[in-house]
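S.K.: My questions will all concern the structure given below.
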Amino acid sequence: MTEKNDLFEQNVTSQNIMVATHVQSSIPSVSRSKFRSLTLINWNGFFARTFDLDELVTTLSGGNGAGKSTTMAGFVTALIPDLTLLNFRNTTEAGSTSSSRDKGLYGKLKAGVCYAVLESENSRGQRVISGVRLQQIAGRDKKVDIRSFSLQNINENQSVISILTEQVGEKNARVLALNDLKEKFDGSEVQFKQYHSITDYHSFLFDLGVIPKRLRTSGDRSKFYKLIEASLYGGISSVITKSLRDYLLPENTGVRQAFQDMESALRENRMTLEAIKVTQSDRDMFKKLITESTNYVSADYMRHANERRGNVQQAIEKRQEWYQSKSKLTLEQQRLVEFSREMQDLEQGESSLEAEYNSASDHLNLVMNAVRHQEKVERYQDDVAELNERLEEQQMALEEVAERQEMAQARATEAEDQVEELRSQMADYQQALDAQQTRALQYQQAVNALEKAKQISGLANLDLHNVEDYHAEFVAQADEITDKVFELEQRLSVSDMAKSQFDKAYELVCKIAGETDRLQADSVARELLSAYPSQKAHAQQAVALRQKLTELEQRLHQQQNAERLLAEFNQKAQAELENAEDLESYYEEQQARLEDLEAELAEFVEVRSTQRQQREQLNQQYQQLAQTAPAWHTAQSALARLQEQCGETFDSSQAVMQFMQNTLSREREATLERDELARREQLLDEQISRLSQPDGAEDIRLNQLAEKFGGVLISELYEDVSIEDAPYFSALYGDARHAIVVRNLEAVKAQLQQLDDCPENLYLIEGDPNAFDDNVFKSEELGDGVVVQLSDRQWRYSKFSEFAVFGRASREKQLEKVKAERDETTEKHAERAFDVQKCQRLHQHLSQFVGTHLALAFQPDPEVAMQEIAQKRAEIERELNQASGTEQQLRHQLENSKAQLQLLNKVLPQLNILADETLQDRVEECREQLLEAQEDEQFIRQFGNALAQLEPIAVALKSDPTQFEQLQADYKRSVEQQKLQQQKVFALADVMNRRLHFSYQETVGAEGSALNEQLRQRLDNAQREREQAREQLRQATAQFSEYNQVLTSLRSAFDAKNQMLQELLQEMDEYGIRNDDGAEERARIRRDELQQRLSQHRMRKSYIDKQVAVIQAEMDNLNKAVRKAERDYHTQREIVVQAKVSWCLVLKLSRNSDVEKRLNRRELAYQSAEELRSISDKALGALRTAVADNEYLRDSLRASEDSRKPENKVVFFILVYQHLRERIRQDIIKTDDPIDAIEQMEIELSRLTNELTSREKKLAISSESVANILRKTIQREQNRILQLNQGLQNIAFGQVKGVRLVVNIRDTHAILLNALSNDREQHSDLFENQKLSFSEALAMLYKRVNPHIELGQRTPQTIGEELLDYRNYLDLEVETFRGADGWMRAESSALSTGEAIGTGMSILLMVVQSWEEESRRMRAKDILPARLLFLDEAARLDATSINTLFELCERLDMQLLIAAPENISPERGTTYKLVRKITNNQEYVHVVGLKGFGRV
């Protein structure tokens, strides 16, 4: 892909017109192609007729229906055989209907095969026969079938009719079908060709110069047909004038195609970049696939390798475990024999210890029960005494509360009666209606009170006169009774105290001696008190006796313990040692033996500790090496990969560093070569850009200056020179080959001073650009150069250069060479860029290796040292295992010696006790004395407090207080009399208080109100007293109830405690023991000692029993373990054998596929199975996603998940490698290893990305360049239109004296051009946006600068493509100069018919000439196309107009076919008279041809 100028300006020059006469003189003269004849076969009226066509004008003259239109229709059909276009409107023959698909052609044919054939002669002198075969198709639609064909290499003397027909007899002929025609020329020099498409047919006609334009599409055919149709029917065709730009202005397909190619290249470039991104993602996917598959398979591979190694190790361990179990079983059998013997001895001594322990335990329980009973008795005695005191106190308090309650009850009753009486009085007073009634009521109440007092006192004669005397008497009696009550109360209190003392003393006697008669209580008390001092003295001696007994029992116990220990020692030592000397000597022997064993064991332990330290050191070294080993293996893998990438073998780190320096040097050299090639490529691109300029201008400023001066570059004038002439003209002009040809140098001179930017040397030549003469210099060819005389004194000699700027052909030839060199340079640059990136990547790998692995890569293999350490460690382990048995024996002997020494240490201090033989008798005697003292102590403890209380009050037992009940009854009677007397006193006092009421009998009415008030006050006072009495009664009642409840609870508690006390005393009597303070402790000590001995004995027995059971169980387990170990060993060995088969298959697959190196990653061998499984599982999850779209790999991956077949994983890895190998582009990447391919792919993709990015910058075109191209193209077309106008200057038809074309630039598009060239920075946001194509940016700019224009629903891409067509920037109009109106727009309504026909013909001639110029580059250089137009109904033209047409045809070397009625008689050309005749019922057209008959 070249630069922008090569894209957009290479085809602009196709529209240049050869106007310089010196250029034409340099090119050999080429004659124009001509139509020679028209042949119609089997048409309506023409069975076989050939019309020879004149070189200028051929006229068909005849009346209506003579066949003129049919002849022209045959010509048009042979020229354009397209049924979609053919439409002969002016025909009236039968068969032409509006619904017929032949559009008037069906009726012009006869049944059978028909032909319309054109014979022409091109510029090369070749005879070309082309035409169509027509045939009617039966049916209502009246279709016509058309087949086009051509013939070449036909002899000149052979007519067309003889070719298409075959004579049958003397007077008949047969029309040949196409197949017959083809068979006729098979094997001959004649080239017959039938065309299956109209495009191929027209391409043939164009290539041989029959038609002026290559008709590629139906649109081109439609234009050509409309041009023929317009010329046929005459006049100004509105179809052509409305789209005059499409006809006159050539479609600059080169520029549009160049723009499309540029956009397509940019789009392709960007798509390639996107594809590179996709490829990079694919590369990442490949990289991920190979990485994850390697992790997936290698982790499983190493896990199986570790498992296989572990299985072998386990098999060895199982075998060792089997042998160890056997040795353990033998040792346990020996231990079982020893423990069984000791067990028998322990069973014999256990029974005696159990009996002693049970006896001591029973004695302790008895003592503890006695102590607990004694404690309970003492506690209950204290509780009973306390409760008795509290009961007496509560009884006295209850009696006081009962008295207070009775008094409160009496006061409450009296207050209640008084309130009721006052209420009744008040009720009576309230019922009275007046004061008299009230007093009467009071009087009545007084009378009632008197009657009540009489009843209470029993005095019938009581009245107001003696009430005071009786009241005084009753008060005295009440005082007397009160004194008596007080006296009785005192006597009752004293009597109560005496009774309580007697009762208490009696209770104490009964408590001590049991139930006793009240009369004998005094004698029993004296007996108890007389024996009390002696019992108390005996009780005090119990403590000393108890201590003495304790000491004796302890010595006895020590003696028994010593005897037991001595017996146990003799049993264990298997000796009969009894005296102290033997024991001491034996002790010294055992002490010396113990020291020897301890020294030997310490030395042994020290040696074993040293071995363990060595083992720990070896383990640490092994661990360090194990930690270093993965990194070392990783470094080795990296080193191997680096050696593969470098193609070198490194022996040391210095070699790596040296190679790294060499790589850096190679990178610098390759970088210099790459940069040099890049500069060379840039120079070649610039040269290509200059050669791609349409006019050969090497400096863009020359084009701008030529446009500014209104001139033309001289190289543009010589654009069409041949390759042979280009060196001559280039040498002729020398440095002036880039000169500008201007019309007037003086006019340009004034503008030179205002130039800001121009080349260093600017050459200007005066001359007419449209008719430039090369006689500027006097020159003469001299050998391989030319001598140019610049002046009389200055000549210049220039040699013919190999490459000349002049001429498009020369530049194109040089452009091909430069492009070839550029392509070669580009390829070399790509290779060097790849080498640079390869060196950079290699240097990066080296740097990464140096930074990460260099420190470990060249160190020795840690696994070798690990194997040596493992051997040493195994030897130490063997020694430690052997030493373990020896140490166990030493420790067993040491424990036996220590146990004997411990027993001796216990026995030796007690040898003196063993000699005391009277110890047992003294213990028994002291125990009897202690029992007597304990009985007295128990009696004193039980009844000592009672005797102490009885001693001061024992005198009260002498007299029994039996009169207490009589005194209590008298006291109660006196209290009743006191109450009755108080009621009498109260009744008499009430009468005395009412004495005033008795006087109300007569004077009631005067004092009622005061009495009522007095009653109310009394009632209020009485109610308050009643409430107080009630409250006091409630309080007294509550207090009495509370005291009564307390008394009841105390009495219940006293009874319960007393009963329990009696029961406890009875139980103590039943036990028959008396406790002292140390009895329980001694019994417990004795019991604990025996319990400890028994416990130790049982513990030892239990231990021995357990040991026996453990040994038996251990032996059972060992038997099972031996069998299991043997079974496990054989099972493990089978596993090893089976795993070996599978492993051999895996190794075979990996080695045959050359993937073992990838899978055997030793750095993974030091990870656990779980870690490896985790790596494999993670990789499996990633692989499931990666191969989801690949059914083959997906199935293989699914099969590889079977853990029973590890070889499937290797198969999957091999398939992945094959899959990646198949996707390696061998033309790009020269390797079979996918990993190396990924590395090279990264380098290649990086290089392509850089190259495409720079290529995109080169492909981009600036808006200013587009504006210049469009402006230059528009200027050239304007110049061409100007030249076309010059050919129409002398045309005159009627009043029309001239015809011209007017071309203008549209205002909206002119604004767009200005914006493209002048406002680049302002609109850079559009053209620098990579998301927009150039066409879309151009459309958006057009909308931005012309916001008033509505673009409709078209897309920006479509609008932009239209704006790249310069024709859309121009408006074309046809103007005529007619009479006094001057120049005006050509319209049919403003012209006569003849004027319109002539004007239209002039326009059509311009179109044909424009088409020729447009297609000049697509034709051969030695061919000029034929020019032919039609004119039907030429009778509209006068003779002058006809002559004008003849002149126009002669001047433009054009042929004209005219159809005119009989009154038309042209003076020149060939005229055919057509007359339709009927002979023998056969219709035919009689044709007579004449040349120039008008002048005859």
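Note: Cβ is positioned from N, Cα and C throughout, glycine not excepted.
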S.K.: Pick from 95-151, 209-265, 665-721, 1235-1291: which stretch is listed in Swiss-Prot under coiled coil?
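M.R.: Per Swiss-Prot, the stretch marked coiled coil is 1235-1291.
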S.K.: Would you find the one among the binding-site residues G62, G63 whose Cβ has the most company, meaning other Cβ atoms within 10 Å?
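M.R.: Per the Cβ count within 10 Å, the most buried is G62.
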S.K.: Take the mean position of the Cβ atoms of G62, G63, N64, G65, A66, G67, K68, S69, the recorded ATP site. Which other residues of that chain put their Cβ within 8 Å of it?
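M.R.: Apart from the listed residues, the neighbours are T70, L1474, R1476.
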S.K.: Ranked by the number of other Cβ atoms within 10 Å of their own Cβ, which of the binding-site residues G65, G67 ranks first?
M.R.: G67
S.K.: How would DSSP class G62 (ATP binding site) in three states?
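M.R.: Strand, per DSSP.
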S.K.: For the binding-site residues listed here (N64, S69), tell me which residue's CB has the most neighbouring CB atoms inside 10 Å.
M.R.: S69
S.K.: Give me the non-local Cβ neighbours of A66 (ATP binding site): same chain, 6+ apart in sequence, Cβ-Cβ under 8 Å, ordered along the sequence.
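M.R.: For A66 (ATP binding site), the qualifying residues are L1474, V1475, R1476, V1485.
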S.K.: With DSSP, how much of the region 'Flexible hinge' (694-811) is helix, how much strand and how much coil, in residues?
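M.R.: Per-class counts: 42 helix, 26 strand, 50 coil.
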S.K.: In sequence order, which residues at least six apart in the same chain have a CB under 8 Å from the CB of K68 (ATP binding site)?
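M.R.: Listed in sequence order, they are L60, S61, G62, D1432, A1459, A1460, L1474.
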